[in-house]
Amino acid sequence: MGYLFEETLSSNPKTPIVVDDDNELGLMAVRLANAAAFPMVLKASLELGVFDTLYAEASRTDSFLSPSEIASKLPTTPRNPGAPVLLDRMLRLLASYSMVKCEKVSVGKGERVYRAEPICRFFLKNNIQDIGSLASQVIVNFDSVFLNTWAQLKDVVLEGGDAFGRAHGGMKLFDYMGTDERFSKLFNQTGFTIAVVKKALEVYQGFKGVNVLVDVGGGVGNTLGVVTSKYPNIKGINFDLTCALAQAPSYPGVEHVAGDMFVDVPTGDAMILKRILHDWTDEDCVKILKNCWKSLPENGKVVVIELVTPDEAENGDINANIAFDMDMLMFTQCSGGKERSRAEFEALAAASCFTHCKFVCQAYHCWIIEFCK
């Protein structure tokens with residue numbers, strides 16, 4: 001049975017807290033020192049299917065579920081009789097981060113019950129074709145392949161080198177994926193860029209009049225699938241390495257073409273570079289962009305979809321948090337990879353012979369940037 005509440009019930013008595021600067025700083029310090037708990041609980045909850053279970057129930061009945069009810073509805077039924085107690089402990093942490101809503105039943109055992117909050121829709125495993133999902137992004141970020149690279153961070157600062165290579169026998173990320181089918185599949189399932197593209201298409205008009213659109217490093221082709229569904233006149237060419245295309249489904253109007261963007265790029269009226277440039281050094285980016293430039297007609301353009309770092313690290317700025325978090329992910333995952341500022345993108349455009357660089361619009365954490373020939 002689900003639980004419906006007309007009013008919010010207070011789950012905690014009001015406890016007087018001495019408010020002073022030292023106390024507040026101490027609380028912040030303790031929270032930071034224990035920050036590892038939240039992402040690991042988030043990952044386990046995603047793997048268990050907790051958010052999908054809660055969101056499905058909230059969509060149907062808008063009701064709360066007890067930990068026992070959640071356990072019984074998970075995709076894999078727990079064999080552990082203590083699972084509801086453990087789920088309750090995990091869920092109350094998630095509730096403290098406003099990912100789920102917690103209430104306490106005033107009858108019976110007085111147990112806590114939970115309901116999905118709206119933010120959960122961004123973490124649904126089965127929501128990739130709707131808005132995209134961050135679930136796979138969380139899971140891949142905390143996979144052992146990437147976790148092992150973080151252990152190298154101190155030594156890279158002191159001695160130099162490449163964090164990913166130090167952790168994986170000198171191999172770079174994309175070479176490694178050719179040797180690890182499990183991780184490659186997991187990496188290519190990261191699907192939130194679909195949400196970015198869909199959000200951008202609400203306002204971005206730059207694909208109107210395009211006949212042939214090449215997605216350079218397009219992975220499994222889902223970006224072109226979204227674009228061509230809105231612009232069915234466009235012929236899409238999804239261009240990537242053979243290993244990436246091996247898992248690509250078919251999309252109407254989209255052709256999958258294998259190749260290496262460092263060698264050449266298929267011709268098209270326009271091109272997409274979606275979260276590609278942040279994987280590479282400036283020198284490598286210029287090589288990729290020059291190959292794009294060669295394959296474009298006069299007045300052609302590359303539509304770059306990337307995060308743009310702020311010039312200053314503003315305290316409490318969510319965009320700065322995201323930008324610098326992701327920059328450190330690039331630091332540890334990709335040799336020479338980094339997030340870039342507006343000035344750095346303008347410099348890349350100039351070094352690659354493009355006449356100008358236009359920052360058109362923002363979708364979630366990414367900007368749509370046009371490099372115009």
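Here the Cβ of each residue, glycine as well, is placed from N, Cα and C on the backbone.
Database features (Swiss-Prot):
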type: ACT_SITE; residues: HIS278; note: active site, proton acceptor
type: BINDING; residues: GLY217, ASP240, ASP260, MET261, LYS274; note: S-adenosyl-L-homocysteine binding site
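Features per Swiss-Prot, on structure.
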{"residue": "GLY217", "record": "S-adenosyl-L-homocysteine binding site", "Cβ neighbours (10 Å)": "21"}
{"residue": "ASP240", "record": "S-adenosyl-L-homocysteine binding site", "Cβ neighbours (10 Å)": "24"}
{"residue": "ASP260", "record": "S-adenosyl-L-homocysteine binding site", "Cβ neighbours (10 Å)": "12"}
{"residue": "MET261", "record": "S-adenosyl-L-homocysteine binding site", "Cβ neighbours (10 Å)": "23"}
{"residue": "LYS274", "record": "S-adenosyl-L-homocysteine binding site", "Cβ neighbours (10 Å)": "22"}
{"residue": "HIS278", "record": "active site, proton acceptor", "Cβ neighbours (10 Å)": "18"}
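DSSP classifies GLY217 (S-adenosyl-L-homocysteine binding site) as coil under the three-state reduction. Considering only the binding-site residues GLY217, ASP240, ASP260, MET261, no residue lies within 10 A of HIS278 (active site, proton acceptor) on a C-alpha to C-alpha basis.
Here S-adenosyl-L-homocysteine is bound by GLY217, ASP240, ASP260, MET261, LYS274 per the record. The longest Cα to Cα distance in that group is 16 Å. Under DSSP, HIS278 (active site, proton acceptor) is assigned to a helix (H, G or I) in the three-state scheme.
Mapped onto three states, the DSSP output places ASP260 (S-adenosyl-L-homocysteine binding site) in coil.
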